[in-house]
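Colleague: Sharing a structure with you now.
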Amino acid sequence: MVSLSVNVNKVATVRNSRGGAVPSVVKAVEVCVAAGVPGITVHPRADERHITAQDVLDIHAWLAPQRERVEYNIEGDPRPDLIERVVELRPDQCTLVPVRPGEITSEAGWIPQRDRELLSPAIARLQAVGVRVSLFVEAERAAIDWAAELGVERVELYTEPYARAYETSEDEGKRSFERYVAVAEHAHAQGLGINAGHDLDLDNLGLFVTLPHLDEVSIGHALISRALFVGLDTVVREYLALCQG
Ligand SMILES: CC(=O)[C@@H](O)[C@H](O)COP(=O)(O)O
Ligand SMILES: NCC(=O)COP(=O)(O)O
């Protein structure tokens, strides 16, 4: 079975659009856990445009009694303050994701053979306190070899190219998926665990979860977006009932 880690960044995006505490990110985590998810993901960015340092702590505190059955995955670039926070909290997993100046969302995996001075000390520091490290990579053999060389436990395959191909047509999606299959086999042969994420949704996920050796998918944008529409009808009726007395 593939583990689902729900990324709650988007809940914080809505909250931050107005300030204050609504909607509560911890409450969203609570609902996800009550629904049965085995994982929660956050991606605290340096500018705190969604998940804040306080959210990382609050979610950690709420998850603490659940950690036997719910994994906490903190994603981000290996900037010193984030690595120190992760070392202090010791979540189950830290996914190291590159950041490009000005990006709206993640745009690519780590480029093989670059950023060793940045990645190696961060990986060593995290592993020394028992945090599993996953490296966000393109679905390419060279990226897998680079991850294996760096000694991480897992890779997270960047699935946006697959999502875009699937959007074009199911056949394109299948062709793209075959590339991921070959890369997953290669990663598994090197002893790496396999995660995947970015723009996975209810349409493209069915095929993707058949990827050999897939351990975990992390999904945020599409899942939270759909939750709005699944819930909107109920909420409008609640408000109508009050307005109509
Ligand atoms: C690594 C990855 O693909 C996702 O975590 C993505 O970066 C989500 O971050 P945003 O919510 O900031 O777009
Ligand atoms: N690691 C990917 C993730 O957490 C969620 O990505 P997305 O579903 O918001 O694109």
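Quick reminder: no glycine exception, Cβ is built from N, Cα and C everywhere.
Note that TrEMBL annotation is computational and uncurated.
Quick paste from TrEMBL:
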BINDING   Asn7, Arg18, Asp199, Gly220, His221  3-amino-2-oxopropyl phosphate binding site
ACT_SITE  His43  active site, proton acceptor
BINDING   Arg45, His50, Thr105  1-deoxy-D-xylulose 5-phosphate binding site
ACT_SITE  Glu75  active site, proton acceptor
SITE      Glu156  site 'Transition state stabilizer'
ACT_SITE  His198  active site, proton donor
Colleague: So which of Arg18, Arg45, His50, Thr105, listed as binding-site residues, have a Cβ under 6 Å from an atom of ligand 2?
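Modeller: What lies within reach of ligand 2, judged by Cβ under 6 Å, is none of the binding-site residues.
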Colleague: Report, in whole Å, the straight Cα-to-Cα distance of His198 (active site, proton donor) from Glu156 (site 'Transition state stabilizer').
Modeller: 10
Colleague: Among Arg18, His43, Glu75, Thr105, His198, please name the recorded positions whose Cβ is nearer than 6 Å to ligand 1.
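Modeller: Passing the 6 Å Cβ check against ligand 1: His43, Glu75, Thr105, His198.
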Colleague: From the Cα of Thr105 (1-deoxy-D-xylulose 5-phosphate binding site) across to the Cα of Gly220 (3-amino-2-oxopropyl phosphate binding site), what is the distance in angstrom?
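Modeller: Gly220 (3-amino-2-oxopropyl phosphate binding site) to Thr105 (1-deoxy-D-xylulose 5-phosphate binding site), Cα-Cα distance: 12 Å.
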Colleague: Taking the Cα atoms as reference points, how far is Glu75 (active site, proton acceptor) from Asn7 (3-amino-2-oxopropyl phosphate binding site) in Å?
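Modeller: Cα of Glu75 (active site, proton acceptor) to Cα of Asn7 (3-amino-2-oxopropyl phosphate binding site) measures 10 Å after rounding.
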Colleague: For the recorded positions Glu75, Glu156, Asp199, which one has the sparsest Cβ surroundings, going by other Cβ atoms within 10 Å?
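Modeller: Comparing Cβ neighbour counts within 10 Å for the recorded positions Glu75, Glu156, Asp199 gives Asp199.
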Colleague: What subset of the recorded positions Arg18, His43, Arg45, His221 lies within 10 angstroms of the residue listed as 'active site, proton donor', using C-alpha positions?
Modeller: His221
Colleague: Which residue among the recorded positions His43, His198, His221 has the fewest other Cβ atoms within 10 Å of its Cβ, if you could check?
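Modeller: With the recorded positions His43, His198, His221, fewest surrounding Cβ atoms within 10 Å: His221.
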